[in-house]
Structure formats: structure tokens, C-alpha cells
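Structure record follows, encoded as C-alpha cells.
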Amino acid sequence: MPDVTLTTLQGLKQSGEKIAMLTCYDATFAHTASQAGVDVLLVGDSLGMVLQGHDSTLPVSNEEMAYHTACVKRGNKGSLIVTDLAFESSHSVAQTLADAVRLMQAGAHMVKLEGGVWLAEPIARLAQMGVPVCAHLGLTPQAVNLFGGFKVQGRQETQARQLRADAIALEQAGAAMLLLECVPSVLAEEITQAVKIPVIGIGAGAATDGQVLVMHDMLGLSLTGRSPKFVKDFMQGQESIPAAIAAYVRAVKDVSFPAAEHGFNA
């Protein structure tokens, strides 16, 4: 199979084939996931919680993100690599640009930024530099303290209207992809139809252009013993991790995942 590129993802959106995305933090899992057909590997700052044991993503440094990106790059066999910019990267546009360059040098094909319309300037600057950006809207974990916890976003009409406007504005600024987290399924469908760029969902229903889960969640691994509503344990009924990942890819592609039970109402 040829390497997955941004052009590949754009083609999948146009054809209606769903995009399978999964978090990944090391070479072995990168090799396993890419061989199983995962289109996009997300080196997420979720590593702060599932690998480091923190209660949020805030303590993760950009240097740690670069380290794990390099690990994933060495094991990857053709998937597109997207890496989160750490929380510390957001205090100035100059810092965001410098840290994005560091992640691209480490092996990322795209960087991900959490936030709203205020990201238009750094996204535009990065696009001018040739750095593809995935904008992350809805429940943005780096803003967990502002939200008062990990809560569904966009249920109130004012919130929903702002999310729609943010999505369009960030596409116009140059965002190449969009991730929607924990928003009502109907709103996610509206946003997916309103923009031309690929839209990936997590807890956002089945109408987005693709799905992403945290690797540990979909393998049934948890420090707390509890999983978010939008998670399905794909290890159930499978004899190996590669088989579970392949089952996840199939379920995303044939739209059997997510089911209605994994989404949120307005």
C-alpha cells in the first residue's frame, strides 16, 4: 500500500470512505497499527495520562512530544503521523511556530492545535511555512480547567453556533484537518458537511469523516478501570493486539463503530 498523505485523506472524504485514526506513542505499536491499516497515527499529548500517569495533559512538554514522534516515525510503515503541540507551546505565536518546526523535524507530517478562532493566526503562519495543521475543537483537554472537567461541548445553541463558526474560520485560515471531541452527533454532522477538509471525531457520532480513539482505551486498558462513553473495547473477542487493531479499522470503515450508544445528544 502507498504511504498515506494529506491528499489520501482528502480523497477518502470525497469518496465517503471513513478514516481510521489511532493514538500511538512508540515504534512497536506504530509498526503494528500501520500494518493493520490505520490511516493516521496520532502522537497525542494523551501520553501524559496513559503513559506518565498524570490526571491531565498539561504537564507534557513539547520535547517529550518530539521524542515520542521520533519513536513512532521509526516504526511506522506508511501511516500519516499527526503530533499534538504541547500546552506549553500555546503562550505565543512565535513559540507555537518554533515548536511545530521541532515536531516536523522529529517526523510528524502534521501538527495538531487545540482551541478556537484565536488559532487563525498561528494556523495561517504554519500553512505559509508548509506545516499542515489539524485544528481540535469541542472538548479540548488542555482547557480542562476552564471547562470544569471533561464535559461534552456544544449542547447549548450559543456554544454550537460558536463551534460552527470556529470550524469554518480555521478552515479558511488554512487548517488541513479538523478533530471534533465530545460534541453532539448532530452538531458534528453539520460541521462535517460545512467544511471541505477531513473531519475526525471522538465522541462525535458516526457522521464525521473518520474516527480516533486512544490506543489504550480501545485495548481495554485503563488506570481507573473506567472508560469514556465513546470507547469500545476491541480486545473483546480477539486473540491478539494486532487483531484488535484490525477489528477497529474494519469497524470504522464499515461504520459499525461508533454506534449510537457511543455518541452524545444535543
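Just so you know, glycine gets a Cβ as well, placed from its N, Cα and C.
The annotation 3-methyl-2-oxobutanoate binding site is assigned in Swiss-Prot to ASP45, SER46, ASP84, LYS112 on the grounds of sequence analysis. The Cβ neighbour count for ASP84 (3-methyl-2-oxobutanoate binding site), using a 10 Å radius and every protein chain shown, is 30.
Sequence annotations record features per position, and here Swiss-Prot assigns Mg(2+) binding site to ASP45, ASP84, GLU114 based on sequence analysis. Within 10 Å of the C-beta of GLU114 (Mg(2+) binding site) we count 23 further C-beta atoms, all protein chains included.
According to DSSP, GLU181 (active site, proton acceptor) sits within a strand segment. Annotated active site, proton acceptor per Swiss-Prot: GLU181, in sequence order.
For the pair formed by GLU181 (active site, proton acceptor) and ASP84 (3-methyl-2-oxobutanoate binding site), distance between Cα atoms is given as 14 Å, rounded to the nearest Å.
In the three-state DSSP scheme, SER46 (3-methyl-2-oxobutanoate binding site) is classed as coil.
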